[in-house]
Amino acid sequence: MNRSDVTDLIIEAKVTRGIAWAQVAERVGRSKEWTTAACLGQMAFDAAGARAVMELFGLPPEAEPWLREVPYKGSLPTQVPADPLIYRFYELISVYGTTFKALIHEEFGDGIMSAIDFRMDLQREPDPNGDRVRIEMSGKFLPYKTY
């Protein structure tokens, strides 16, 4: 068993049991965004979170160390994502990445937005022309240091 196998078991149980990510997050005691990332193999659960996920999804005991293992973050099966939804984010960064960089540097100076000290909130935004996806991202600004 490896982390990919555990992710497959989680997805299979989620589908067959009709579990929503928000339900998992409530059981784990974290946001739905962080919990979903952890279930999909991008974050590591603490012991209590791993136990809650194992119980909810009916995972075997050998899944626990994989749920708690620090993952290789940002790993996708291909360099350019093929999934249409994920590709839109890739496209968004390709088009607006330099704009994000310019505006962040103008506002904060030379540095980066942390993806470690980070929060995200995803909501449905009703719109008469078709519902919209609203994603709010908040990352700590980390200035580059001179030495």
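Placement of Cβ uses the backbone N, Cα and C atoms for every residue, glycine included.
Swiss-Prot annotations:
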type	residues	note
ACT_SITE	R88	active site
ACT_SITE	E91	active site
ACT_SITE	S114	active site
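Taking the features listed in Swiss-Prot, we show where each one sits on the structure.
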residue	record	Cβ neighbours (10 Å)
R88	active site	12
E91	active site	13
S114	active site	12
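Separation of the C-alpha atoms of E91 (active site) and S114 (active site): 21 Å, rounded to the nearest whole number.
Between the CA atoms of R88 (active site) and S114 (active site) there is a gap of 21 Å, rounded to the nearest whole number. In the three-state DSSP scheme, S114 (active site) is classed as strand.
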